[in-house]
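Here's what TrEMBL has on this protein:
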type	residues	note
BINDING	A:R39	L-glutamate binding site
BINDING	A:A73, A:S74, A:W99, A:T147, A:D166, A:Q189, A:N231, A:T232	pyridoxal 5'-phosphate binding site
DOMAIN	A:4-341	domain 'Aminotransferase class V'
MOD_RES	A:K190	N6-(pyridoxal phosphate)lysine
Protein chains: 2
Amino acid sequence: MRHNFGAGPCILPQEVFRQASQAVLDFKDGLSILEISHRTPEFEAVLAEAVKLVKELLNVPEGYSVLFLQGGASLQFAMVPMNLLSEGQTATYLETGVWANKAIKEVKNFGTANVVASSKDANFNYVPKGYSIPEDSAYFHCTSNNTIYGTEMFSLPETKVPVVCDMSSDIMSRVIDVSQYDLIYAGSQKNIGPAGSVLVIVKDEILGKTTNKIPSMLDYKVHIEGGSMYNTPPVFAIYVAMLNLRWLKSKGGVAEIEKENIAKANALYMEIDRNPLFKGTAVVEDRSRMNICFVMENPELEKPFLKFVEENDVEGLKGHRSVGGFRASIYNALPITSVHRLVELMQVFAEKHPK
Amino acid sequence: MRHNFGAGPCILPQEVFRQASQAVLDFKDGLSILEISHRTPEFEAVLAEAVKLVKELLNVPEGYSVLFLQGGASLQFAMVPMNLLSEGQTATYLETGVWANKAIKEVKNFGTANVVASSKDANFNYVPKGYSIPEDSAYFHCTSNNTIYGTEMFSLPETKVPVVCDMSSDIMSRVIDVSQYDLIYAGSQKNIGPAGSVLVIVKDEILGKTTNKIPSMLDYKVHIEGGSMYNTPPVFAIYVAMLNLRWLKSKGGVAEIEKENIAKANALYMEIDRNPLFKGTAVVEDRSRMNICFVMENPELEKPFLKFVEENDVEGLKGHRSVGGFRASIYNALPITSVHRLVELMQVFAEKHPK
């Protein structure tokens, strides 16, 4: 068995792979999921179930629309200001890493981004706090989990302006109060499904106020009216997302998986803190439960350790080049047994390399 | 065996389904194609092979870039003027159906669309000819095949302005001279692969001249620099496209499949013209080889005929509501045996319903 700690696209449940594989051969009456029209009642039912599962699993209140679109979070970086900002307006952004920074850069074509706080000074190893958001901001934008640096934002600042959040890497991993947000987006390829779609949850009443001219495909209202089928949707990506959300529901939903995720993260952080060879890179209070970043006290041991775990069926543990060391991505579908296996390998390696 | 005449997403080769199904279970060392990083050497090889196959199969000259993007042809409707038009400029469009019309509508945010000719007067049952393209146009845009109406454009008008073509439904079905075009785009879900990606072939020298501010994800130059990996690409859609292009190459390439497509189209049009119950809807000289639209002389027989063929394993033959009757989409992967089966059913039905 392989232990896939890759940051994304990432592990999904084995039973989802089996069901998806079967549907590529025969989804309905001998036809593949890849050859059916998106206008068939069968695919319309898939999309409807995926949307219903998102609403159910996240307890989405009335007045919000749930969309499956294309272009990933990166296209959302532009769609957000295009739909929510007007010329001369300012939006407030929290800079917590490379992805937040990319979102900030896309604002310039539509208005001004005010970076209210940044953790750039410490290579983004913490989430800034104690800032205040100007009341005349068109919206406040934040990134709930920073995959590269292993930090996560567990609470929102007090504000009256609309809150927009890039939840690409921790959505569906913990209970959130959707009513605190006005727009949530998340590239699918972590806890939702495979690469090729992006989930958007948007409060209807914030739309339609901009003076920008918006191309149809970039207009949330057009996609809401079209029920995510303004054009041909990414059929297979949505189908697999639906299977994966079904799996999450069968596991007891987000509250249950959150307990499991806390147990997984605690097991690994405990070992990082206990084992004299390793140390975490993010400040303790902002440690992510999805992406656990750590290095070795002796950098010369990093290559041998990586080789050692890879020889033992561990995949994707290499850290991002901007942090170095290791990153264990422990998304919903990663079993706790994989975490325990990694902990064991850290211990075995430490025995072989006494400090 | 089912005969899938659906207009898209549509039939792909059975061996592509088998290979794709297997890769969902085990693409590499026990890992699914859905859980590997797009930055692995294995996926980089897939993308490189897909690009190489496009260049080889279409004989793409030097100086062109080949991209796999997201958002379908519908996002291209906006990306084309965003990248190629500047404020105050005019682009010339040929209106040959609903999709051309949607492309025209997206120009308004960036400049002016001059509709040089239209077949709207005859419900788009022909392709206009004999118009001349103003030399001061930023570009000329046409749609090479009109799925809904069953018309196809087999030659381009003489012009010195850049030519942009939406080839979504006939790319890879016949030999084209790419050097006659400056930008070709095609939603994948006909002859390239499953829904979820769009192919773009663009002459590099036409880019970088607009005064428009372009969001990164909508800028062809950004995607060229990123090698279609500026952000996480739709991994599975590109993988299956690669498999399908490999299949096309193994069949002898585009020239060989074109012969087969001509044989398939001729067999069906011959029966439509011969059988007194049926008649074609497109003018003969503009008849599409991909989407064959026909009605019945007696409209009251259409429901019974559709029921009859559906009982005989024929899928997706119902015509688009704006034309009515029937539409047989006979893309590359549809075997000629399916066409012969349909012809046979038309003959059997005619025997039961003498005129």
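For all residues, glycine too, the Cβ spot is worked out from N, Cα and C.
Location within the structure of each feature annotated in TrEMBL.
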| residue | record | DSSP class |
| --- | --- | --- |
| A:R39 | L-glutamate binding site | coil |
| A:A73 | pyridoxal 5'-phosphate binding site | helix |
| A:W99 | pyridoxal 5'-phosphate binding site | helix |
| A:T147 | pyridoxal 5'-phosphate binding site | coil |
| A:D166 | pyridoxal 5'-phosphate binding site | strand |
| A:Q189 | pyridoxal 5'-phosphate binding site | coil |
| A:N231 | pyridoxal 5'-phosphate binding site | coil |
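Listed recorded positions A:S74, A:W99, A:D166, A:K190 compared with chain B at a CB cut-off under 8 A give A:S74 as the close ones.
Packing around A:A73 (pyridoxal 5'-phosphate binding site) is summarised by its Cβ count: 25 other Cβ atoms lie within 10 angstroms of its Cβ, all protein chains included. Across the structure, A:Q189 (pyridoxal 5'-phosphate binding site) and the residue listed as 'L-glutamate binding site' are spaced 25 Å apart at their Cα atoms. Recorded residues A:T147 (pyridoxal 5'-phosphate binding site) and A:K190 (N6-(pyridoxal phosphate)lysine) have their alpha carbons 10 Å apart, per Cα-Cα distance. Less than 8 angstroms from the CB of A:T232 (pyridoxal 5'-phosphate binding site) sit A:H38, each of them six or more residues away in the same chain. Residue with the densest Cβ environment among the recorded positions A:R39, A:K190: A:K190, by other Cβ atoms within 10 Å. Ranking the binding-site residues A:S74, A:Q189, A:N231 by how many Cβ atoms sit within 10 Å of each one's Cβ puts A:Q189 at the top.
Across the structure, A:K190 (N6-(pyridoxal phosphate)lysine) and A:N231 (pyridoxal 5'-phosphate binding site) are spaced 24 Å apart at their Cα atoms. Its own atom aside, the Cβ of A:W99 (pyridoxal 5'-phosphate binding site) has 21 Cβ atoms within 10 angstroms in the protein chains shown. Its Cβ taken as reference, A:T147 (pyridoxal 5'-phosphate binding site) is surrounded by 25 other Cβ atoms within 10 Å in the chains shown.
A:D166 (pyridoxal 5'-phosphate binding site) is surrounded by 27 other CB atoms, counting those within 10 A of its CB over all protein chains shown.
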